[in-house]
Amino acid sequence: MNDTFLKACRGEKTDYTPIWMMRQAGRYLPAYQKIRGKVSFLELCKNPALCVEVTLQPVDLLGMDAAILFSDILILMEAMGAKLEFNEGCGPVFPNPIKDQTALDALIIPDADDATGFVMETIRLLRGELQVPLIGFAGAPFTCATYLIEGGSSKVFWETKKMMFTQPELFHGIMEKITQATILYLQAQARAGAQALQIFDSWAGVLAPCDFEVFALPYVRRIIASLQQFDLPIIYFANNGSTLLEMSASSGASVLGLDWRINIGDAGKRVPGIALQGNIDPFALLLPKDKLRKRIGTILEDAKEVKGHIFNLGHGIHQFTPPEQARIAVDAVHELSCK
């Protein structure tokens, strides 16, 4: 087992900087596209054998130092009773967004092993195949709540923020229910064999720091506290969260994921003693080889004083990224960071 990723998460010395990429199992890989040509996205997410195949692809093809479970953060919302659709070209849709207490009351807190047993089976199967650590994950309550309230993706989050400020009790009720379900979901993943867990807060950066502290952070803290019994690295990724960095560090996470909008060395000085993950702009993978290697070298140099660095993108890899560019990045990180 190559445990370089786990060592970096714990802030231990490593022979080189480990790398994996958010959304590394996905649309940019021809092998993934071939599978998706036969099944819908939701069908794929619920098929353990296919999920195993997709999860393994970037590890086998590109040499990643960790695998991340192939799934989606909104699978849990469907298990809670929210009708979920994935429409080509417009992403996830909840046709019945939560607008009132009646809709909230209709959501359930499912038994994770029962309602999302296909996820746990995928984890168990992967542990028998992988020679690198397996990362499980869930969406942070705030990010998941935005989808339930907006009915899908949003650019301005009008419905979410309107509810926060005009119906705070309803908003907190939604967050409470999602939090309880997420705790059970991630605990089940840990029991199934996940070796690290990441909490994706894709939309945290739309919040003012004072609102993040009230409406989002307390729920993340509760989730992380509930996972301490498993002694696994917990990664918290708050996208566009440079203004939230110190508060994110108080979440209890072992590792903070960074987007590309902050210098990783500066981040390390602001939150000393915590491992950091990131943080090249996903579009920088399109650079010519020499310029990409130079960009990677700069990030590695900036991160030299960070106590534990996992190289990653600042967000998910873009679907039109040539796989060979991802391979160049993996090789560059390994070569340039070799101690």
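Cβ from N, Cα, C; glycine included.
The shown structure was predicted, so the numbers you read here are calculated from the model rather than taken from an experiment.
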Among Ser40, Ser202, Ser337, which residue shares the substrate site with Arg23, Gln24, Ala25, Gly26, Arg27, Asp72, Tyr147, His315 according to Swiss-Prot? Ser202
Asp72 (site 'Transition state stabilizer') sits from Ala25 (substrate binding site) (Cα to Cα, rounded, in Å) at a distance of 11
If you draw a 10 Å sphere around the Cβ of Asp72 (site 'Transition state stabilizer'), how many other Cβ atoms fall inside it, taking every protein chain shown into account? 17
Which value in Å gives the longest Cα to Cα span across the substrate site residues Arg23, Gln24, Ala25, Gly26, Arg27, Asp72, Tyr147, Ser202, His315 as recorded? 23
Nearest to Asp72 (site 'Transition state stabilizer') by Cα distance: which of the binding-site residues Arg23, Arg27, Tyr147, His315 is it? Arg23
Counting other CB atoms within 10 A of each CB, which of the binding-site residues Arg23, Ala25, Tyr147, His315 comes out lowest? Arg23
